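Student: TrEMBL lists B:1-30, B:93-129 with the feature region 'Disordered'. The transmembrane segment annotation in TrEMBL covers B:32-49, B:69-89, B:137-163, B:183-204. Positions annotated as domain 'DUF1468' by TrEMBL: B:37-205. What TrEMBL lists as compositional bias 'Basic and acidic residues' is B:115-129.
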Amino acid sequence: MDSLNSLIDGFGTALTPLNLLWAALGVLLGTAIGVLPGIGPAMAVALLLPVTYGLDPTGAFIMFAGIYYGGMFGGSTTSILLNTPGESSAVIAAIEGNPMAKAGRGSQALAAAAIGHFAGGIIGTSLLVVLAPTVAELAVDIGAPDYFAIMVLAFIAVTSVLGSSRVRGFASLLIGLTIGLVGLDQMTGQQRLTFGSLQLSDGIDVVIVAVGLFAIGEALWVAAHLRRGGGESIPVGRPWLGREELRRTWKPWLRGPVIGFPFGAIPAGGAEIPTFLSYITEKRLSRHKKEFGKGAIEGIAGPESAASASAAGTLVSMLTLGLPTTAVAAVMLAAFQQYGIQPGPLLFEREPELVWGLIASLFVGMVMLLVLNLPLAPVWSKLLRVPRPYLYAGILFFAAVGAYAVGGEAIDLVILLIIGLIGLMMRRYGLPVLPAIIGVILGPSAEQQLRRALQISDGSITGLVNTPFSLVVYAAIAALLLWPWAKRGFLRLRAARG
Amino acid sequence: MSTEPTPGTPPGSPQESGQPERPRPSRWQGRSELGVCGLLLVVGVLVLTDAFTMDTVASVRGPVGPRTVPLVVGVALLVVALVLAVDVLRGGRGDTEGAGGPDGPEETEGAEGAAETKRAGAEGAPVKDEPGDWRTVALLVGVFLAFAALIEPIGFPLAGALLFWGSAFTLGSRTHTFTRDPLIAAGISLGTYVLFHTLLGVPLPGGPLMGVL
């Protein structure tokens, strides 16, 4: 097994003291961020992008991955104890977990969630080890038209799958693409949307866009709606599971990754859909259907496991194809760009130490997270006492530091603020943020691949569809676009039969 | 969050946040979204103007020049602005939780609504424009701009502390305005300065204060 050897080498990288430190820092930060309401891992990674200026890539990505996974662990703690999901994937945990906590079974709910995340993460990461090199190998021959097709798929998928309104998704995507256009054209050096400004001819740094959209936008949005005094956290003891609970949870833990992993790998919005699907599945399969909604432990175990596995699936697409399927992956891709590393099929060949070190550190991080979250969950819940004004003032502060660190110029802060205000407007009017950030990050490379493909075919449009791979991808895009009509037809059919 | 949630009720649902009924978008709200359409329209025109006024003297390599993509994006912006305007006028409304903001869910039936709730319930407040809320935002913008203006003349440690303190105050931290808050602000600001300037090697302006120390 080639990948097994590489993984062992990866452990060699991950277990160096310095990288262990970054992993520990990542999972600690991630858990803290997951616990704190209103801060997601995407914002956290965005705020930490400036560390890429001073850190080697392996260490930085080990830390970012720790934040990603840690955020999921921490998010369920808040959901269960406070009924305020720290992020979208933890919503389901609140439905079943909070009633359990209210009924005095919070310890069991926390344990089911933490072990669920652990199981999902380990299974998902193992699948990543097995599948990622194969995918990379299959994709190694793909050329410009295929890359362009994948990027179009990403654009269409994030606008069509997420949210209820496609036109708002497209509006968001176009805002992102426009921001991505600013600067010098990569192929000809032509100035675009710079309005003669020297500042803008370098383009708008992706760090500023990510921090502006995720951190400033979110902080301003919360500021506009900050209601003093949140809920009260339910005091809870050390998480543990009895024999009866274990009997009810082990199957959901194992079923979760089956749903979570594939959904993480496709651009369908990350952990939201798989957690929901896993919840429905567990409800259907459970012998305790009546308990659902009132605190059924299966309803925590399955979805939480699915959530962590979906994070592993996300990494497959990001590392092998350079295709970000969630906001966190998009921001991590921005970090890759900061280092001048292009994730894609060749990443496994060119940067084996980085990739396998990162994957090995995921296993290490999982163990750390289990240790951190099982005995220490009550300690983490104390974080909920941080006053909200400090929390959001801190976000604004670190966002400002990050933007200033990019180029050391005060004008960047003004650009940051403008992008933050755009982010605020998007939140206010229900424009999803993810398409915008994907547009900024993938837009310029999509344009380059498009032009390269058309150069090869000498301008003939057939140059975009002359590979089997690109045809498959365009078929998937067509299916996505037609899906709402297909669904409507299906529902009508079912209604007619029922 | 004081009321007991009904079984099966997703978090952050209107019942829970003490809202007797779902907030209906007022006429003003329905119209204010047209501002978004206007913005898209303006940006679209801007992108197209820029594309048309480009000098194509620059060596064009390949059949697709630097103009093509801006033209496509610009036209798409105009189309989306138009479609969105039609949608708004017909009473369409964005799925505000989709953006990850704190807001009540659109649907509240069983888990289906909850899957879309996202971080809702964090604050539990439905979208409602209140003058006070937007004053907070305006004040924060002011504090932030002041930071941008001050960072170079007075240095990062002082300007950063002011940014944190001012933001916390604006966001409603009133009990320790002159005791705990400035201490925390100064601590965070100095700590960050040391971390970035000394440890990470990212230069931040020290200002006169660091010159004295």
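Cβ atoms here come from the backbone N, Cα and C positions, even for glycine.
Help me picture where these features are in the structure shown.
Tutor: Long-range neighbours of the transmembrane segment (B:69-89) within the same chain, counting only residues 6 or more positions beyond its ends whose Cβ lies under 8 Å from a Cβ of the stretch, are 30-31, 33-34, 36-38, 40-41, 43-45, 47-48, 50-51.
Long-range neighbours of the transmembrane segment (B:137-163) within the same chain, counting only residues 6 or more positions beyond its ends whose Cβ lies under 8 Å from a Cβ of the stretch, are 170-171, 182, 185-186, 188-190, 192-193, 204-210.
If you look at the transmembrane segment (B:183-204), the same-chain residues 6 or more away from its ends with a CB under 8 A from one of its CBs are 156-158, 160-165, 168, 210.
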Student: Mean pLDDT over the domain 'DUF1468' (B:37-205): what is the value?
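Tutor: Value for the domain 'DUF1468' (B:37-205), mean pLDDT as a whole number: 75.
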